[in-house]
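**Q** So TrEMBL says this about it:
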type     : residues : note
TRANSMEM : 39-65    : transmembrane segment
DOMAIN   : 55-304   : domain 'G-protein coupled receptors family 1 profile'
TRANSMEM : 156-177  : transmembrane segment
TRANSMEM : 214-240  : transmembrane segment
TRANSMEM : 252-275  : transmembrane segment
TRANSMEM : 287-306  : transmembrane segment
Amino acid sequence: MAATESRGKKNENPVENNHPDPVSEFILLGFPCSWKIQILLFSFFFAVYVLTLTGNLCIISAVWWDNHLHAPMYILLANFSFLEMWYVTSTVPSMLSNLLCETSTISFYGCFLQFYFFSMGTTETFFLSAMAFENRYLAICRSLHYPTAMTVQRCIRIGAGCWVCGFSCFLLPVYLISQLPFCGPNTIDHFLCDPGPLMKLSCVPAPATEIICAIFNSVLIFSTFLFITSSYTLVIRAVLKVPSAEGQQKAFSMCGSHLAVVSLFYGSIMVMYVSPTAGNPAGTQKIVTLFYSVMTPFFNPVIYSLRNKEMKKALRKLFRIMRFGQRQPLKS
């Protein structure tokens, strides 16, 4: 009996040892293609990354140095430009490194840290809402009350609120997904740690977590989107009452570019995060993610700021200062 019990105890350990170990790192598949294509992709995305940083940094510098731009509209634009720089930096350097490596690994905690900072792109929804309310609704529909309704101090508080909401709102989805059991395989068919591919690697189905994340994303995205569209509905009604055709054209021109980017940004993130993750093929996920995480921040400086006459004037002065080595603030 003792020998039988001892043999039984010895047989229990191998069975326990057959359970796979938890995943300690992930492999990012990235863009599986030939070496020449990867070099072309590296060159293209590197150029886009540098131009994105340069364009947004120029906007921040112009707002900082030009006293005429110390106004709520441009303070929000400077915050928005800083967000875009942070946003692309959370993913593009890693993606560029992956294009030069045969296999790219990222630690478990590094993956979820990237997921968290990339998810701060939701901060953009708050800033787009604030810009629609301040730059469009108050400036057009409440123009007489604008100086008292939107002071610099109030604008700073609004910007701080956008940052706080961006830092805190995605903590729950990141925590829920990080608690899923990952025991292999550990290859993510993406160029970053995104919630959809991560949940597909879970050892057990997680429909509850997926539904919670989808509901969370839907509430966040649709609430801010409805706020923006409501603001623009009131703006359009006010513009249509303007008797001057030139005034209407100027107002619609100011709103059109912002609406175009809002539509493109929200359309892409709705495809990714509102629809169930299992329904998005890997190729579609990569293309849509590239669009709103790399290309949209690249175009935003042109669309939001460089078309603005005051901003272009401040940038020309800033370039003159950089060229001739002057260091005084831009005053006129």
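Yeah, the Cβs are placed from backbone N, Cα and C, and that goes for glycine too.
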**Q** Within this structure, do the transmembrane segment (39-65) and the transmembrane segment (287-306) have 3 or more Cβ pairs under 8 angstroms, counting pairs 6 or more apart in sequence?
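**A** Yes, the stretches contact each other.
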**Q** I'm checking region-level scores; what's the whole-number mean pLDDT for the domain 'G-protein coupled receptors family 1 profile' (55-304)?
**A** 81
**Q** Below 8 angstroms Cβ to Cβ, which residues of this chain, lying six or more residues outside the transmembrane segment (156-177), approach it?
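**A** For the transmembrane segment (156-177), the sequence-distant neighbours (Cβ-Cβ under 8 Å, at least 6 residues beyond its ends) are 75-76, 79, 83, 112, 115-116, 119-120, 122-123, 126-127, 130, 134, 195, 198-199, 209, 212-213, 216-217, 220.
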